[in-house]
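Below: one structure, written as structure tokens.
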Amino acid sequence: MIAIIDYGSGNLASVEKALHGVVTSDPYKIDMADKIVFPGAGSFSAAVSGIKNIRDIIIEKIRNGTPYLGICLGLEILFSESEEGPGTGLSFFNERLKRFKKGIHMGWNTVEFNDNIIFSGIKKGEYFYFVHRYYAPLGSYTCGKTFFNGYFTSFININNIYAVQFHPEKSGEPGLKLLRNFGELA
Amino acid sequence: MLAKRIIAALDVRNGRVVKGVRFMDIKDAGDPVENAVIYQDQGADEIVFLDISATDEKRDIMIDLVKSVSRELNIPFTVGGGIRSVKTALNLLREGCDKVFLNTYAIENPWIIKEISRETGSANLVIAVDAMYNNGYYVYKNAGRINSGLKLNEWLPLAEYLGAGEILLTSIDSDGTMKGFDNRLISEASSMIDIPVIASGGAGKPEHFLDAFMAGASGALAASILHFKINTVNDIKRYLRSNGVNVRL
């Protein structure tokens, strides 16, 4: 069972449809899950307080090797803190998320990604849909990067942790392919 | 590099798509989901639904629309028209639309921009602005009927400051003419703010989109040109690409 974490931020219908997962905020169901997807839009601080009751179980599941896919805010929450507001994220990466100096990164952009199982069958140069104002700087965790007033991290994969800054569920066929690839991970 | 967006716009009344010329001759044009999927398949980057109904059941109809559209679309979509509370905006986002837009109500109650963006982040909040030239650009409300007295260069920076994530900018002068966007309006607006400006009103041929992007638009709305099957989204994008514009094809 794929648990799609619901902390009250919405936009889950299309993720649910693409992955046939179960939308839940129930720690017991998350504990039973074979895979975890953390989708999300909204602010860092709101997510930090929204997951208060399931924070420990998510961290434990990730440490135990359960495949995790973070989408947008689900990537950002892996970091320790954000310029967006107070609160401590899951802190798998001890970096502070930054705010774009100018504007919002909104629209379709490309990802320069390293070959990876969840990008299999996806052409280099495909466009994905982004909408965010805060970003993860480049780091040792960066496996894909995107250019918007400079490069930022748009794809992370370390062991069982996968995370994308774009919205695969809103990115047409290439995005659905990525979700299916995650769903088929052994 | 960030691509320029072609956004297909659908007017919806009581849950059905309607098509008309300048609010005249309004005809039923079918199911919103079917229409949206056609434009998605043509390569539209986003869909905007403008709810023009005026019934008491409107809110429920919008929720139903959002639910059915979010099941079928795998590109982003925006919903607006008559949103008058934070709660309604949040409910619509919760049910699966990607962005909501506000117009008249935000002009009358600017603080709502702050309240919504504080909850959802500003990326999900679009402010729709209807502008007309009258010795400088002025912002109109109530579907373009009433001059709010606000100048464009007062309203756009305020909306951005309060947390708007994007401006959907319609030129009342060029809307429905199919003679091209108001490029001066686009250019002036783009220089006032850092958030994306979506050009709306006047597109009749692919060249018009090129002009709008040259003027500074991040995206451009296509309505009549698509509804009357003059061009497909794909036609427009091919033309743009052959003229050096970065589009998703």
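Placement of Cβ uses the backbone N, Cα and C atoms for every residue, glycine included.
The average pLDDT computed over the domain 'Glutamine amidotransferase type-1' (A:1-186) stands at 93. Look at Swiss-Prot and you will find A:1-186 tagged as domain 'Glutamine amidotransferase type-1'.
There are 28 other CB atoms within 10 A of the CB of A:Cys72 (active site, nucleophile), with all protein chains counted. As annotated by Swiss-Prot, active site, nucleophile applies to A:Cys72, with the evidence given as sequence analysis.
Taking Cβ-Cβ distances under 8 Å and a sequence separation of 6 or more, the neighbours of A:His167 (active site) in its chain are A:Ile71, A:Cys72, A:Phe128, A:Tyr129, A:Phe130, A:Val131, A:Gly175. Positions annotated as active site by Swiss-Prot, on the basis of sequence analysis: A:His167 (among others).
Neighbours of A:Glu169 (active site), defined as other CB atoms within 10 A of its CB across all chains, total 30. Per Swiss-Prot, active site is recorded for A:Glu169 (among others).
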